[in-house]
Amino acid sequence: MVSQALRLLCLLLGLQGCLAAGGVAEASGGETRDMPWKPGPHRVFITQEEAHGVLHRRRRANAFLEELRPGSLERECKEEQCSFEEAREIFKDLERTKLFWISYSDGDQCASSPCQNGGSCKDQLQSYICFCLPAFEGRNCETYKDDQLICVNENGGCEQYCSDHTGTKRSCRCHEGYSLLADGVSCTPTVEYPCGKIPILENRNASKPQGRIVGGKVCPKGECPWQXLLXVNGAQLCGGTLINTIWVASAAHCFDKIKNWRNLIAVLGEHDLSEHDGDEQSRRVAQVIIPSTYIPGTTNHDIALLRLHQPVVLTDHVVPLCLPERAFSERTLAFVRFSLVSGWGQLLDRGATALELMVLNVPRLMTQDCLQQSRKVGDSPNITEYMFCAGYSDGSKDSCKGDSGGPHATHYRGTWYLTGIVSWGQGCASVGHFGVYTRVSQYIEWLQKLMRSEPRPGVLLRAPFP
């Protein structure tokens, strides 16, 4: 008769030889040697109840004493290797068991103290998480947040101008007519009509908002308050941009064929050319200054600065556009996707000019894309570092003849800045072509120096550049 111990051993070890031996030993008992599963007087397989009695974990020495005591972490898992179930018996809580098991099974990932600058560490399965103090960030709390406050990183958080300083945190500054608030980043106007603000919109009842009309639509009266109209002998010539009470920026090519300079005027506050509403201010142009490097009939260095005979009076309909600092323009404004261009140019290529001031929202292109496009057209002038492209290549929208000299205005954190001057293009809204604008940032120092200078004799002046 096969002992119960032998049958259990055979079942656990799965040894056919063992079972076979049992079969041989009991052959006389009537079981078939090759079919031990068949029932007989001495069966090999045990009952379910007997099997459950076998599948208990092996007891340690003195197990009968251990079972009388509650689970001990020191005894169960530190003196000897324990299982997840044994750990659960100790902690009596699944979540606490999981937290323990992460560290117990793959080691404590926080043991090397990876979190820097006072950060606290939480162990994870083959990983860890650092909880940083408020002034730090990063995977290991290695980055001091103030080190990220540099001007190339989102303008250092400044509303207007940003300056980096070696060894110290960046500082914010404001344009003339604004002052820095106590937060060190925001700017508030200190004059009634600061540059780059639109009084009509600032004063409008917030309960009745009227968004700016863009996409080649009419600019509502007063919403392009820096727009200037240049005229000679009573005829429309070009557009311009008021940058302070006595100076207007425009395009140099507008003056290539001027003969009677005495009849050149600039009109501010204009909206509808077919009517006079009392908000217009006309001023004779006393002097036109162009770069010495500009060659008439060409496209490079296409910028002009006009000195008015008398300053204009700032009103809700006459406000200058801010002339930004060069670093701010190149580092921040140049990466604003959309800007506004405005003027009374032709509504269609070779079509009639607009009577009401028009405005268009145009996307700025990367210089490389602009260069590639210009190379596809044999007779297209070269795109230089003094220009940039903006607009739509599908021929749907563009600035046009008559818009020349007008502003490319960029909005940033509540203030508008002059970033470009309408210069030239292949036709108007021609498929495959973009509008080309004078890159104002290249001329900031040149413009500022001229505006600080004393008047010089002569109407047309060629000033050294750079």
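Counting begins at 1 with the first residue displayed.
From the backbone N, Cα and C atoms, a Cβ is placed for every residue, glycine too.
Candidates considered were C110, C130. The record in Swiss-Prot pairs C115 in a disulfide bond with C130. Noted from Swiss-Prot: C174 is disulfide-bonded to C187, selected from C162, C172, C187. When you check Swiss-Prot, the disulphide partner of C322 from the set C195, C219, C428 turns out to be C195. A disulfide bond in Swiss-Prot ties C151 to one cysteine from C141, C158, C162, and that cysteine is C162. Predicted-model confidence for the domain 'Gla' (61-105) is 66, expressed as mean pLDDT. Set side by side, the glycosylation sites S112, S120 differ in how many other CB atoms lie within 10 angstroms of their CB, and the most is found at S120.
In the structure shown, across all protein chains, C158 is the one of the disulfide-bonded residues C110, C158 with the greatest number of other Cβ atoms within 10 Å. Taking C130, C219, N382, C389 as the recorded positions under consideration, the smallest Cα distance to S113 (site 'Important for S-112 for O-xylosylation') is found for C130.
Just so you know, the Cβ of C174 (disulfide bond) picks up 21 other Cβ atoms within 10 Å once every protein chain is counted.
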